[in-house]
Amino acid sequence: GIGGAFQYGLQVSIINSPAEYIKSFIRETWLKRYSSSPSEDMVTLMWSFVVSIYTIGGLLGSLSAGYLSVRFGRKKAMLFANIPALLSATLMGLSRLCGSFEMIIAGRLFSGMCGGLALNIHLMYAGECAPRKLRGLIALTASTATAGGKFVGFALGLREVLGVDALWPVLMAANALPALFQLLTLPFFPDSPRYLLIDKKDKEGCI
């Protein structure tokens, strides 16, 4: 769940607190580039892109989740979902240093892809690996992880933590930590029995 539905919850909530700082960053960057202040409509448009492009990434991730989970297996597909997560963290974390608000937009697209992949494959992988008696309980871990991600996102966004002007790029790059955690731990997990039996025809491995 840490690298699955947690990522989705984190990215949904983390964007709220640095809103004004990112808008100010867009104004500053625009002024430096074009030697003129952007209109409020333009700032609002750029901010809308930052927020809404996450859903486009989520759609792309969700659409490719089925193919990747069959082609590479549930576990490898979950590991693959960490690539867009780390890409997004790098882009958003370095956006201020590079003076590019476009990097935030691209980063949000990649984080959406991660969320779409992770949320779908988490449910699939956990449900298929769970013992029959615990299957319902294990399926609920997706909801729990999503709620946990939202809570952590809001907590990190507090002014006493990372919700200040100097630290908003660090806040936006926070999704790198669960991605790294999953990359270090998930390789030790088993593969899905259903995937081994139905997709790989490996009856012995499934048993």
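The backbone N, Cα and C atoms fix where each Cβ goes, and this holds for glycine too.
Now, the feature entries from TrEMBL:
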- 1-207: domain 'Major facilitator superfamily (MFS) profile' (DOMAIN)
- 45-70: transmembrane segment (TRANSMEM)
- 77-97: transmembrane segment (TRANSMEM)
- 103-125: transmembrane segment (TRANSMEM)
- 137-158: transmembrane segment (TRANSMEM)
- 170-189: transmembrane segment (TRANSMEM)
- Item | Distant-in-sequence neighbours of the transmembrane segment (77-97), which means Cβ under 8 A and at least six residues beyond its ends | 3-4, 7, 25, 57, 61, 65, 68-69, 71, 103-104, 106-111, 113-114, 117-118, 121-122, 125, 168-170, 172-176, 178-180, 182-183, 186-187
- Average the pLDDT scores across the domain 'Major facilitator superfamily (MFS) profile' (1-207) and report the rounded value. 93
